[in-house]
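The following features are taken from Swiss-Prot:
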ACT_SITE  TYR177  active site
BINDING   ASP139, GLU170, HIS173, GLU267  Fe cation 1 binding site
BINDING   GLU170, GLU233, GLU267, HIS270  Fe cation 2 binding site
MOD_RES   SER20  phosphoserine
MOD_RES   THR33  phosphothreonine
Amino acid sequence: MLSVRAPLATIADQQQLHLSPLKRLSLADKENTPPTLSSARVLASKAARRIFQDSAELESKAPTKPSIEEEPLLRENPRRFVVFPIEYHDIWQMYKKAEASFWTAEEVDLSKDIQHWEALKPDERHFISHVLAFFAASDGIVNENLVERFSQEVQVTEARCFYGFQIAMENIHSEMYSLLIDTYIKDSKEREYLFNAIETMPCVKKKADWALRWIGDKEATYGERVVAFAAVEGIFFSGSFASIFWLKKRGLMPGLTFSNELISRDEGLHCDFACLMFKHLVHKPSEQRVKEIITNSVRIEQEFLTEALPVKLIGMNCTLMKQYIEFVADRLMLELGFNKIFKVENPFDFMENISLEGKTNFFEKRVGEYQRMGVMSNSTENSFTLDADF
């Protein structure tokens, strides 16, 4: 007889219970054991944790725009209206160098250039006129940046002095290039076409648009824009300067080549000043970011002088011109305090002899490295005394 406490079960139920895994499951000593996860669920759980951890790290590492108050060059300076006492002596010396190098367009003799111009091949005239058109427009773009952005952002008096003088020199450069176009090009329609190069020439427009984008970029830091305009004056101009020095090597266009010496020296100084301002920054762009800006400018300049306006028109080697632009970019990277990108040698031996200070011009009475008398001397050097030994 069955006990009243025993569960009633059919034979089928007993057989099913006998086959079930639950019958073999032992719960002895398992009271505090946590439930186990399948391997798939374990992997999924780990992956989820890793994703959330990575996203949290990315958020914490997200680049934040440095505060203006953290940059001595940019923070509010109530003493910016007075020059003395000098606080940044290295910046002040750059300003005095620029001041000592002042020149005007009227000092360049173009009388011999007309005869040379008429003797040039059509391809050579085409190349020179288009390079001059680019130069005439680009100096205005550099000034736009100085007036609209840099001069208003930088609060250090010494730097403001330099920027003010740079604006004056860029105006003289633009006047010089416009004067060259006006002297060489007699056809009024062609002159108008060249003076409006930003709108009429796609190759010039591409370079101009790149620079103008940096002027209008409200998100880019001052440091990024300093690098960009160092690239404009150091890389965008480099190939065109070299092409005109190539004409000098051939003994052509004395007025053009002498003005090119003066302007290339000025632009070299402007580029050096940009690097100096970069070094004074507390929060600099990363090397990767600087590399990105420089390589973009190199690509655009290489395309300009090897495809859009190939230097082969004046007898230069396009491959070597590409290498020269890379060489200039490497030099700029070093000046900014970073490693070289391309690691190439200077392929143009004639450019080795052209320093930023300039060399005596064979055709000119004046020399390209001249400076205004007394500008770089100390006040004690010009004092009058009676203590000389006779």
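Just so it is clear, glycine is given a Cβ too, placed from its N, Cα and C backbone atoms.
Counting every protein chain shown, the Cβ of HIS173 (Fe cation 1 binding site) has 23 other Cβ atoms within 10 Å. Taking the mean position of the Cβ atoms of ASP139, GLU170, HIS173, GLU267 as the Fe cation 1 site, the remaining same-chain residues with a Cβ inside 8 Å of that point are PHE135, SER138, VAL142, ASN143, MET169, ASN171, ILE172, SER174, GLU233, ILE263, ASP266, HIS270. Neighbours of the Fe cation 2 site: apart from GLU170, GLU233, GLU267, HIS270, residues of the same chain with C-beta atoms within 8 angstroms of the site's C-beta centroid are ASP139, VAL142, GLN166, MET169, HIS173, VAL232, PHE237, ASP266, LEU269, CYS271.
GLU233 (Fe cation 2 binding site) carries a helical DSSP state (H, G or I). Residue environment of the residue listed as 'active site' contains 26 other Cβ atoms, counted within 10 Å of its Cβ in all protein chains.
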